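Asker: Could you have a look at this structure, given as structure tokens, before my questions?
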Amino acid sequence: MTKVASAVLRICETFLFDCDGVIWNSNVLIPSAQALIQHLLDRKKNVFLITNNSRRSVKEYVSKCHGLGLPVSKRNIICTARVAACFLREKISDGEVYVVGESGISAELNESGVSHFGIGPDFPVDSSNPLHGVELRPNVKAVLVGFDSHFNYRKLMRGTAYINNGACFYATNEDAQLPGGNIVFPGTGSIVSAFRVASGKEPVVFGKPHKPMFDLLCQCCELDPSKTVMVGDNLYTDIAFGNKFGLHTICVLTGVTNQALIDKVNCSPEDELFRPKYVLQSVTDILNILKE
């Protein structure tokens, strides 16, 4: 497999990397990640860090990368908050967007000139009555759901009402869990599911493995799928994304996926979309292959 992966990597002009579990784990850089990105940039390759995490803006991701020693700029980062902002800038010409999310989404919407509200806590004045004081604005054209640590029943009720009144339903991503070691941290997908059940509507989803993120990538560079590789640790987002759009796919074992899960999807006919073409231990293997 390493020999085949070597042949593929050598023809690739565009390298897509998921972040958490591939380039870093929490705030710790994965060995060789910095050297690999520098190696690729020195050779004029297209390098993108693409993440479903909507909590940070592109500017904040660049700051984190620089803090970890990664030699990237804004052009190298694509996050779901940016994808959502670019999409909504084209779709919402007037009116407002109700946002269930955090500051990263707000920053990107502000930069794109999209009028929005909803960021931050939404608590009733009367704590014994969660419905107290809920008023709906008249010109809400869309509801955007991302990760929101302040999510509660009032936000669910408010967003559902807007959707049922005709507002379009959008979601940054549907990841089931966030990386958290031995503790399970419910991800954006759990919040999106609440709105899906409450409204009976399906959202347009911006993140991997869905098309809006791929469309934005194609706007950023002349992407040739046959010369593009997606490197990720999540079979259901990263690898599905690459396979869906005809990219080469590499799963690394430094994140949420282990060999047992790969063996499982390899044996399941219905899981073909989630099968990586290549499996490597980490980005160190990619660097070693490219330096051979």
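The backbone N, Cα and C atoms fix where each Cβ goes, and this holds for glycine too.
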Asker: TrEMBL has ASP18, ASP20 down as binding Mg(2+); which of ASP215, ASP224, ASP233, ASP263 does it also list for that site?
Answerer: ASP233
Asker: How many whole Å apart are the CA atoms of ASP20 (Mg(2+) binding site) and LYS208 (substrate binding site)?
Answerer: 14
Asker: How many whole Å apart are the CA atoms of ASP18 (Mg(2+) binding site) and LYS208 (substrate binding site)?
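Answerer: Cα of ASP18 (Mg(2+) binding site) to Cα of LYS208 (substrate binding site) measures 10 Å after rounding.
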Asker: List the Cα distance (Å, whole number) between LYS208 (substrate binding site) and ASP233 (Mg(2+) binding site).
Answerer: 12
Asker: Count, for each of the binding-site residues ASP18, ASP20, LYS208, ASP233, the other C-beta atoms lying within 10 angstroms of its own C-beta, and report the residue with the smallest count.
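Answerer: So among ASP18, ASP20, LYS208, ASP233, the binding-site residues given, the one with the fewest Cβ atoms within 10 Å is ASP20.
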Asker: Cβ within 8 Å of the Mg(2+) site's Cβ centroid: which residues qualify beyond ASP18, ASP20, ASP233?
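Answerer: Close Cβ neighbours, site residues excluded: CYS19, GLY21, VAL22, ILE23, THR51, PRO179, GLY232, ASN234, ASP238, GLY255, VAL256.
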Asker: According to DSSP, collapsed to three classes, what secondary structure does LYS208 (substrate binding site) have?
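Answerer: Where LYS208 (substrate binding site) sits, the three-state DSSP reduction gives coil.
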